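Take a look at the structure below.
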Amino acid sequence: MATPLEKWVEEQARLTRPARIHWCDGSDEEARRIVEIGCREEKVNGQPVFQELNPDAFPYSYLHRSHPTDVARTEHLTFVCHPDREEVGPNNNWLSPEAARSRMRVLTDGCMAGRTMYVMPYLMGHPDSPYARACVQLTDISYVAVSMRIMTRMGRPALERIGGSDDFVKGLHSVGDFNPERRFIMHFPEEHFVWSVGSGYGGNALLGKKCFSLRIASWLARSENWLAEHMIIIGIEDPRGRITYVAAALPSACGKTNLAMLESTLPGYRIWTLGDDIAWLHVGPDGRLYALNPEAGFFGVAPGTSLRTNPNMVKTLQAGRFYPTLFTNTGLDVSRNAPWWEGLDETPNPRLDWQGRPWKEGAGPAAHPNARFTVSAQNCPTLSPEYDNPAGVPISAIILGGRRTSVAPLVLQSRDWLEGVCLGSIMGSETTAAAIHQVGQLRRDPMAMLPFCGYNLGDYLGHWLRMGESLKEPPAIFFVNWFRKDGGGDFLWPGFRENIRVMKWIIERTAGGQGNGAAETPIGLVPERSAVNLDGLDLAPGAWKELTAVDRNEWRAEITTGREFLAQFGDRLPTRVREGLDRLDRNLG
Ligand code: SAT
Ligand code: MN
């Protein structure tokens with residue numbers, strides 16, 4: 001008797017008609033065989049899927065050049081398909097499940113002809129964790145098959161968890177013909193199913209990542225009383241050896257990976273990495289909030305990564321422990337056969353751009369601004385020993401943030417959970433190259449979840465408020481902004497490794513240091529100068545004042561535009577958020 005899993009795979013194969021079906025075991029050996037196929041047989045846009053890089057510079061590493069139109073998430077082609085449009089909310093593109101199905105059936109009919117269908121059973125979360133979920137993704141390209149091995153726990157434990165049941169998250173993926181006109185990422189939350197065609201790019205194609213662990217998981221989390229968030233998880237060790245765990249949400253390409261692996265410039269402080277993109281947060285038996293990272297690897301932005309900005313990421317990329325590491329759409333330093341990107345801080349050598357064309361000075365960036373690496377967490381020298389803890393780690397602070405050239409202070413602490421949720425609901429960030437849209441536009445991105453919350457964002461804010469009530473003592477909520485600039489357009493704060501100074505203040509605030517070190521503003525607390533260690537920093541005169549300034553007029557305007565953004569959620573916006581914003585507005589005078 002066929003199991004529900006076998007039946008489902010058969011059904012998908014009848015639709016997509018692959019030449020062969022390969023059931024993945026997630027082994028090292030298998031990954032090597034699939035990479036070999038990507039190097040020798042498969043092509044994207046006329047070029048091999050993988051090209052081996054110099055193992056002396058980057059062991060086990062391969063360069064992948066994507067189809068030129070397939071370089072970032074495509075939010076306008078991403079849909080949530082549910083019978084009730086209101087449930088999905090204006091924050092998502094909507095289609096009825098029937099309409100989506102018929103559109104996708106046409107696009108996937110025979111789409112795997114002549115190709116291999118990879119069947120990938122995987123877990124999001126540790127096999128011993130009660131919070132882990134079993135999933136199966138199908139794909140027809142080596143790049144995605146190998147990426148999923150890096151990013152998830154693939155193989156036997158997932159099959160064991162599924163057994164003869166129908167209880168697994170389903171993902172059908174095909175790169176189709178890479179035509180953006182025939183590219184869609186469809187989510188069916190009621191069926192725990194994601195159907196994606198036409199793109200091989202991370203968030204569009206690695207369906208365990210944003211599609212399941214955020215969009216579908218947010219539906220599960222709402223009904224099961226937990227949170228699926230776009231957050232890093234780190235432990236901050238102080239000189240006494242005490243570790244405080246925090247979770248931080250920042251939009252894509254705003255420095256999450258750098259913060260997750262930060263190498264401290266303050267003696268005695270150290271960061272332990274648990275996750276760089278996604279956190280699942282549950283109420284523990286003691287009433288505290290516990291976080292775990294469902295992923296097994298990092299899919300990070302390459303440009304700007306260097307020994308100066310993120311030495312631990314460079315070490316991770318060069319560790320050569322887990323096979324393989326992938327570089328996507330970086331440039332290539334031909335003389336060393338090594339990946340190259342802007343900000344690598346190495347002398348430019350003759351190189352090719354991200355499409356493999358000769359690159360010339362002044363011809364624009366060699367690496368695509370959203371060039372990425374895909375690397376196992378096992379390679380990370382700062383990986384926390386708690387990373388595999390099936391229960392997760394207790395969270396003392398939640399950090400929310402964005403990329404703001406003005407208005408938002410370096411760091412601000414909300415006075416309570418409600419105020420934090422209210423400010424989080426209108427938080428803004430300037431857009432980046434991580435999604436296809438105009439870069440540098442300010443957009444409201446509540447909790448950095450605008451592109452990832454799978455249901456009505458008004459309801460989502462209500463869920464946050466309920467979560468606060470489920471916790472014995474909700475974590476303190478902070479806001480950070482590393483990107484404020486002065487009148488001349490220069491960054492006021494050095495950022496990167498120096499951000500440890502802000503993190504130190506944050507953990508001191510959570511450890512009973514409530515009485516001192518902070519000054520009241522109408523919207524929350526900012527650090528006093530004396531409370532932050534600025535030794536050895538070369539801040540411009542007046543910079544600290546500007547960094548911590550909360551301008552009443554700017555913030556009144558901020559709340560006004562925030563309210564305008566929230567108006568689209570109508571009655572779904574919790575009254576308490578509406579009233580909380582009114583109160584903040586009144587505080588501003
Ligand atoms: O492409 S991903 O969604 O995985 C990365 C990101 O944009 O956060
Ligand atoms: Mn992300």
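Using the three backbone atoms N, Cα and C, a Cβ is placed for every residue, glycine included.
The following features are taken from TrEMBL:
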- Cys254: active site (ACT_SITE)
- Arg73, Tyr201, Gly202, Gly203, Ser252, Asn370, Ala371, Arg372: substrate binding site (BINDING)
- Lys210, His230, Asp277: Mn(2+) binding site (BINDING)
- Ala253, Cys254, Gly255, Lys256, Thr257, Asn258, Arg372, Arg403, Phe496, Arg497, Glu498, Asn499: GTP binding site (BINDING)
- 7-222: domain 'Phosphoenolpyruvate carboxykinase GTP-utilising N-terminal' (DOMAIN)
- 226-585: domain 'Phosphoenolpyruvate carboxykinase C-terminal P-loop' (DOMAIN)
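Projection of TrEMBL feature records onto the structure.
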residue : record                 : DSSP class
Gly202  : substrate binding site : helix
Lys210  : Mn(2+) binding site    : helix
Ala253  : GTP binding site       : coil
Asp277  : Mn(2+) binding site    : coil
Asn370  : substrate binding site : coil
Phe496  : GTP binding site       : helix
Inset, instruction - Would you kindly give the Cα-Cα distance separating Tyr201 (substrate binding site) and Gly255 (GTP binding site), rounded to the nearest Å? - result: 20
Inset, instruction - Can you grab the distance from Tyr201 (substrate binding site) over to His230 (Mn(2+) binding site)? Cα atoms, rounded to a whole Å. - result: 18
Legend entry - Residues among the recorded positions Tyr201, Lys210, Cys254, Asn370, Arg372, Phe496 that border ligand 2 - Cβ under 6 angstroms, in sequence order: none
Legend entry - Those binding-site residues of Gly202, Gly203, Ala253, Phe496 having Cα within 10 angstroms of Lys210 (Mn(2+) binding site): Gly202, Gly203
Legend entry - recorded positions close to ligand 1 - of Arg73, Gly202, Gly203, Lys210, Ser252, Cys254, only those whose C-beta is under 6 Å away: Arg73, Gly202, Gly203, Lys210, Ser252
Legend entry - Chain-internal residues, separated by at least six, CB under 8 A from Gly203 (substrate binding site): Arg73, Lys209, Lys210, Cys211, Ser252, Ala434
Legend entry - Output field, Mn(2+) shell: CB within 8 Å of site CB centroid, site Lys210, His230, Asp277 dropped: Gly203, Lys209, Ser213, Leu214, Ser252, Ile278, Phe452
Legend entry - Among Tyr201, Phe496, the one of these binding-site residues whose Cβ has the fewest neighbouring Cβ atoms within 10 Å: Phe496
Inset, instruction - Could you round the CA separation between Arg372 (substrate binding site) and Asp277 (Mn(2+) binding site) to a whole angstrom and send it over? - result: 14
Inset, instruction - Could you please provide the mean pLDDT value for the domain 'Phosphoenolpyruvate carboxykinase GTP-utilising N-terminal' (7-222)? - result: 98
Inset, instruction - State the Cα to Cα distance, in Å, between Glu498 (GTP binding site) and Asp277 (Mn(2+) binding site), rounded to an integer. - result: 21
Inset, instruction - Using only the Cα atoms of Ala253, Cys254, Gly255, Lys256, Thr257, Asn258, Arg372, Arg403, Phe496, Arg497, Glu498, Asn499, which the record gives as binding GTP, return the largest interatomic distance in Å, rounded to a whole number. - result: 24
